[in-house]
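According to TrEMBL, the protein carries these features:
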TRANSMEM  6-25  transmembrane segment
TRANSMEM  75-98  transmembrane segment
TRANSMEM  118-140  transmembrane segment
TRANSMEM  161-179  transmembrane segment
TRANSMEM  246-268  transmembrane segment
TRANSMEM  288-311  transmembrane segment
TRANSMEM  323-341  transmembrane segment
TRANSMEM  353-373  transmembrane segment
Amino acid sequence: MDTVLIVKAIIVVAIFAISMLMALYETYAERVIAAFIQDRVGPDRAGPFGILQPLADGGKLFFKEDFIPAKADKWLFILGPAVAMSTALLSSAVIPFGDTIIVAGQKIDVQGMDVNIGILWIFGIVSLGVYGILIGGWASNNKYSLYGAIRAASQTISYELAMGISLLAIILMTGSLSVKSIVLGQHGIDWNIFYQPMGFLLFLTCSLAECNRTPFDLPESENELVAGYHTEYGSMKMGLYLFSEYVNMFISSAVLASLYLGGFNYPGMDFVYNKLVGSFGEVTGHNLATAIGTLTLFLKIFFFIFLFMWIRWTLPRFRYDQLMNVAWKWMMPVAIVNLIITAAAELSGKPLLYNWVGLAIFGAIYFGLFPIFKKKTVSAN
């Protein structure tokens, strides 16, 4: 078999394996960060510093009784977690985790597949993930599960609109739907976040909603819906639902890092590349430079994962009406204005200046005048 095909197959398997491993240890990181913020001792029993806690949790779920409610739709009940998990993993296929490596004289992308509609692939697959939640909520024959599933669907539709419009600004700037092309266009420190500060904040907020993270965790709010759409689930079926949420958080962090923080690009990368090639030769030096770029990307991913977890233990949950108001009355108008400002900036040839000036003007008008038109709350007394 061709060596290049073998290496490519190894890369694909490694990407899926890393996605699952990251999700596994995100549960550990969640516990540690929660303990730090709440000033208490975190997991410290399973292994040194509790690093085996995810394995203990997984083993516990694996050996739990596999229970299906008597009046549930058996096959749909089984299908729901599988759909949620598979869509979460498939979305990682087009994310570039590095530049290229040289094997047998050929350059191979450190990416599952480089398609020219990579962004559409990610958001198409992620959008299908809500079907796993809907199927599970419907098949459970439980009103709390159904309420949670309906909340998840409405939340996904609402926030994906704002996310899609904010993404159009990036596509307008770069002229490409390929994630790899967008990353390569951010060479060094010429990152998109400097040209799209408003778009970045919109995308980050919508990512929290897409991952059902606090303050957007309405589909599974414990104090309202028991456990939401997975109320009736136990054993590894519930584990797959929980696991898919952490995979989605890893993918969202990788997409944020790739679209706005340069992906595997970092300041001084040309200097590092030339030094490595000069010291170790073209092949080894090139591969080492790619490894450093991959490490840089993962550091950015770790930053976003920490940010997601920090927000969870800092902000309170929205009410459902507040959740919808944020999406339709705040996020959508801001996303549309951001797209208009980006279009004007591209026509002017000064995208950096126009985007920041436009952001400042719009922020002053929107946040300055909007409270004037809000209804005043009348005291009951």
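Each Cβ is built from the backbone N, Cα and C atoms, and glycine gets one as well.
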Contact between the transmembrane segment (6-25) and the transmembrane segment (323-341) (at least 3 Cβ pairs under 8 Å, separation 6+): no
Contact yes or no, the transmembrane segment (246-268) and the transmembrane segment (323-341), 3+ Cβ pairs under 8 Å, gap 6+: no
Contact check, the transmembrane segment (323-341) vs the transmembrane segment (161-179), 3+ Cβ pairs under 8 Å, seq sep 6+: yes
